[in-house]
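*Asks:* A single structure is presented below for examination.
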Amino acid sequence: MWSLFDRLEHNVKYVFLFTIAHWTANSITSQQLLPGYLYAITGSNESVGSVSSIRGLTQLIFALPAGFAADYLRRDRVLTFAGVLGVITAVLMALAFGMGDLKLVNVSFGLWGMFAAFQSPAMEALFADSVPVGRRSYPFTLKHMVQNVTLVVGPLCAIALFAEYGDEWELQGVRPLVVFGSLVALISVVGLFQFDDDQAYENKEYMISVERQLQSIERNFDAELSMYNPVDIEQASHHLGDDGDEASRLVSARKSRGASEMSRLLMAGEPLSRKKTVYLTHPINIGTMNEEGDEGNNETIPVFCGLDPSHVPFVLFAADFIVSFGTGMAANSFPVFFDNEFGLTSIEMQWLFVGQPLCIAASSFISQVASRYWGRMPVIVFTRFVGAINLFLMSQVSSLHLLCALFLLRAAMISCSEPLRRSLLMDFVPQKQRARWNSLEGLSMFAWVGSAVIGRLLVEAHGYRVCFFITSLVYMAGVLLELLLVPLTRHAVEFPTSEPPMRR
């Protein structure tokens with residue numbers, strides 16, 4: 001097992017290590033234990049919303065600048081900056097939790113939102129750079145599965161606390177855990193200093209292609225230069241004078257041809273395939289361009305309802321924004337719904353939160369396998385459609401056991417296709433734009449926070465089931481938008497693979 005891990009591509013290896021540590025810390029400090037800690041020090045649940053809003057707002061403010069920085073600068077430098085910021089934030093968070101200072105908690109979570117804005121787009125873009133096109137969904141799915149498995153740590157800690165102290169949040173029990181989570185976060189950011197753009201698969205492939213092309217030009221130049229007779233050059237020099245201008249022109253005419261090709265390669269800065277906005281099912285070799293500099297790919301570009309593959313990233317983002325908006329409307333209502341209508345204890349509710357990420361992880365694996373046969377976009381549409389139907393059924397049924405099953409299935413179906421969606425997005429955007437597209441996740445997260453207010457108003461005015469019903473309609477709107485992408489992405493076929501990218 002260790003030998004397999006050691007053979008992973010450099011950046012892929014550190015992405016997995018960071019994911020394990022970071023999301024374990026996030027599960028403890030930002031998920032189930034945070035509301036309990038804030039309630040223990042304030043005696044109210046109002047501070048939970050303010051802390052989450054501060055984090056979401058700072059991530060929203062810095063998301064796009066951070067994305068553009070990761071695209072225009074080296075991604076590893078942006079991750080290094082995020083690492084420095086993460087160290088400061090984790091230390092400040094540990095102090096805030098230890099002191100029980102609400103203002104310091106707000107400041108630390110504001111910095112944590114800024115950290116996420118710089119870390120997430122750069123890492124996701126570098127992760128995509130480190131995996132060849134046509135093979136991204138499998139490592140993206142493994143990462144998503146690892147992330148969700150680590151999310152069970154927080155609910156398990158909460159279960160242990162409730163078993164020890166009863167069905168109440170006790171400060172003496174929850175404080176050591178959130179401080180420990182902050183220290184785990186501190187350990188996780190150390191990995192951000194290990195990333196290297198030069199080790200990314202696409203960057204290495206580009207340099208290899210340029211080197212091969214330069215060697216080919218050098219061989220052609222030597223062959224063409226050898227066609228000239230040295231005696232003819234000497235005679236030209238003798239007749240035209242000692243300066244040998246004509247002879248120099250004879251040689252430089254051939255040199256300039258080779259030099260211009262070298263200059264074109266070196267000054268281009270990136271292969272043509274990186275500038276394309278249309279998905280390429282096979283990586284383009286820089287040496288396969290024709291005389292006009294275009295690839296010899298004559299595939300017909302699919303068009304549907306006035307859209308073509310260049311619109312895929314925009315539609316994906318719009319659909320994900322709508323689904324995230326719907327998720328925020330209902331997510332905060334589930335614990336109170338189960339408590340008010342069925343009297344579920346805190347421990348029983350936490351067991352549901354343990355099962356939820358595990359169901360997502362298992363469903364993600366099944367979805368990735370299914371995408372090999374049916375394609376990524378059809379699987380995305382199907383799973384989210386099933387998730388919307390499950391939420392609609394939750395607004396209608398009254399059986400507790402059936403509601404619990406629908407709750408778990410809804411979460412699994414809505415979230416399991418996330419790695420497929422992200423891998424598809426990374427395939428359809430140029431390398432130099434990947435970080436800024438990933439940074440738009442901050443906008444979706446803010447939509448999630450903002451829609452929670454709308455969900456709370458719906459619950460107060462009409463009840464939980466009306467909120468679930470309306471949310472299912474919002475889900476359907478996102479699914480219908482994604483349905484437009486099925487014909488536009490039918491050519492985005494992945495190569496069969498059964499292992500993550502290995503070091504070359």
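From the backbone N, Cα and C atoms, a Cβ is placed for every residue, glycine too.
What TrEMBL lists as transmembrane segment is 78-97, 148-165, 177-195, 314-337, 349-366, 463-486. What TrEMBL lists as domain 'Major facilitator superfamily (MFS) profile' is 312-504.
I would like each feature placed in context: is it buried or exposed, what are its neighbours, and how far apart are things?
*Replies:* Distant neighbours of the transmembrane segment (78-97): 29, 37, 66, 69-70, 104-105, 107-109, 111-112, 114-115, 118-119, 122-123, 126, 175, 178-179, 182-183, 185-186, 188-190, 192-193, 195, 435; these residues of the same chain sit at least 6 beyond its ends, with a Cβ under 8 Å from one of its Cβ atoms.
Remote same-chain partners of the transmembrane segment (148-165), defined as residues 6 or more beyond its termini with a Cβ less than 8 Å from a stretch Cβ, comprise 19-20, 23-24, 26-28, 31-33, 36, 173-174, 177, 345-347, 350-351, 353-354, 357-358, 360-361, 364, 415.
Counting same-chain residues at least six beyond the ends of the transmembrane segment (177-195), those with a Cβ under 8 angstroms from any Cβ of the stretch are 11, 14, 17-18, 21-22, 24-29, 33-34, 37, 75-76, 79-80, 82-83, 86-87, 89-91, 93-94, 97-98, 115, 119, 123, 126, 157, 161.
Counting residues 6+ beyond its ends, the transmembrane segment (314-337) has Cβ neighbours under 8 Å at 307, 349, 384, 391, 407, 414, 421, 424-425, 428, 437, 440, 443-445, 447-452, 454-456, 458-459, 464, 467-468, 470-472, 474-475, 477-479, 481-482, 484-485 in the same chain.
Residues 304-305, 307, 312, 315-316, 318-320, 322-323, 325-327, 329-330, 333, 336-337, 340-341, 375, 377-378, 380-381, 384-385, 387-389, 391-392, 394-396, 414, 455 of the same chain lie 6 or more positions beyond the ends of the transmembrane segment (463-486) yet place their CB under 8 Å from a CB of it.
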